[in-house]
Amino acid sequence: MAPVPPGIRFLASFNRDQWYRAFTFSLTFLLYTSFHLSRKPISIVKSELHKNCSALNELSTASSNQLPNLHTAAECSWKPFDKSNYKQLLGAMDYSFLCAYAVGMFLSGIIGERLPIRLYLTFGMLMSGLFTCLFGLGYIYSIHSLGFYIFVQVANGLVQTTGWPSVVTCIGNWFGKGRRGLIMGIWNSHTSVGNILGSLIAGYWVSSNWGLSFIVPGLIIAAMGIICFLFLIEHPNDLRSIHAVQNPAPCRNNQKLTKNWNGTNGHKQLYHSYKQGDKYENWDTELLLPQDNSSVSVPVQQVVVVKSESEPSAISFMGALRIPGVIEFSLCLLFAKLVSYTFLFWLPLYITKTAHLDAKKAGDLSTLFDVGGIVGGILAGVISDKLGKRATTCAVMLLLAAPILYGFSMISEFGLGPTIGMLLVCGGLVNGPYALITTAVAADLGTHKSLKGNARALSTVTAIIDGTGSVGAAIGPLLAGVLSSQGWDQVFYMLMAADFLALLLLLRLVMKELTSGNVVKPRSGSTTVEMKEH
């Protein structure tokens, strides 16, 4: 008999639950990558909506005897962005999307707790694909109405709020607190991966047909929505019910076995009930059965799961705010996300204007900021896991980001090499705290001990934190559009001020972490009542 290849031995070493967990990790990663992929094109296309036609005029003058004023800036820019206030108009488009996103996010978590995550997320992705494609169709059908583009941005902002609470809740259901910072730091790199792919896809068509810069990402997120509908597993208990139906546990001692179907958050959980006298008990045997030995049908020790008549109710908005740390981290994220989204929406245009590069080269160069963000998010997760201090990790990165932002404001004076290095470092320090708060911190707070085992708060807490951050995300690009008309230096002063405010809002939690003598670090393999690792 031939020896088993080492690769097959490695694959066979993982049990069924580990494969399902890896599958859910990968699927949710790809799902939210498509969300960011569809948001990125607007920042790449901005420089095409309003071109600097001075070079084109010079070329036209040198190659012909025509008057140079026959080819004006208005002729090579896209109406209505051909006016002198184009920066304000572009900022208004950003603001319309992000304001709708911020408002919708507070409602999305509450709605998401009461609907099946898979269906809710699928609907949001299909509608997001539709509205992203509509923006691109504005080029195909020569639509020059500002109201059309504002409407599309508002509608897209609302439907995109279905994404974040859904995927965080799903990933939180599958992974406990052990190494949560590292796991979610790696998982959260989907944000930067989506931005990079979105930049590359949009940049490919931006100069020839910018409508395709939106249509292709729109089709991608719609296709991922169909995949979500077909394959997303919301909770490990969804699989438990399937296996329990396929391999039902027989009764003992003439106990009458019935099936009691109750569930929360849209998924049905199977509980086996048996009658002993006039009293019904719930007997959850499935969790104790070996996965690879169907011949064993009765657990060694009977376990009675205490189950109330009604499932824990979804937490209220005010109840979520009373969880310790939610307000501080939410307000901190407001300013941290202000900085991150200002870069997201304005960095390619800034590079175009200061480094005098075309739209495609500027878009490609801006992806280095997101590459740095991947490293920063993972590094923040690893450090916070090691130290057990989430707030302190965020504060240190925010403190280091301020001088880097000042150095970045002089990017036009640097050569290409220093510029690349500055983009990588700035991306890591800016996106590190943002990534940590929206993932590991949100999951920690959503399963806080004060909830006493009610795991239904995760979606609402996630929505509150990210919704508050989205307010900053809406304000940042809008202020950048206004301040950039007075010079790009003013934009960076605003970003540095926001960075310091984010740091100040964390000081109370930082002092609490540093003065606490019994900080409990997350342990690998630890489990909680709220999020069970099976």
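Think of each number as a place in line: the chain as shown, counted from 1.
Any Cβ shown, glycine's included, is placed from N, Cα and C.
Note that TrEMBL annotation is computational and uncurated.
What TrEMBL says about this protein:
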DOMAIN    27-514  domain 'Major facilitator superfamily (MFS) profile'
TRANSMEM  19-37  transmembrane segment
TRANSMEM  89-111  transmembrane segment
TRANSMEM  117-141  transmembrane segment
TRANSMEM  186-206  transmembrane segment
TRANSMEM  212-233  transmembrane segment
TRANSMEM  326-347  transmembrane segment
TRANSMEM  367-384  transmembrane segment
TRANSMEM  391-408  transmembrane segment
TRANSMEM  420-445  transmembrane segment
TRANSMEM  457-479  transmembrane segment
TRANSMEM  491-511  transmembrane segment
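Between the transmembrane segment (117-141) and the listed ranges 19-37, 212-233, 367-384, 457-479, 491-511, the one holding the most Cβ pairs under 8 Å is 212-233.
Counting only same-chain residues 6+ beyond the ends of the transmembrane segment (212-233), those with a CB under 8 A from a CB of the stretch are 20, 23-24, 27-28, 30-31, 34-35, 37-38, 40-41, 44-45, 117-119, 121-126, 128-137, 170, 198, 201-206, 239. Under 8 Å from some Cβ of the transmembrane segment (391-408) lie the Cβ atoms of residues 325, 328-329, 332, 336, 339, 376, 380, 383-384, 422-423, 425-426, 429-430, 432-433, 436-437, 441, 492, 495-496, 499-500, 502-503, 506-507, 509-510, 512-514, all in the same chain and six or more residues away from its ends. The average pLDDT computed for the domain 'Major facilitator superfamily (MFS) profile' (27-514) is 78. Spatially, the transmembrane segment (420-445) is adjacent to the transmembrane segment (326-347); three or more Cβ-Cβ distances between them are under 8 Å for residues at least 6 apart in sequence. The stretches the transmembrane segment (186-206) and the transmembrane segment (19-37) meet in space: the count of Cβ pairs below 8 angstroms, excluding pairs fewer than 6 apart in sequence, reaches at least three.
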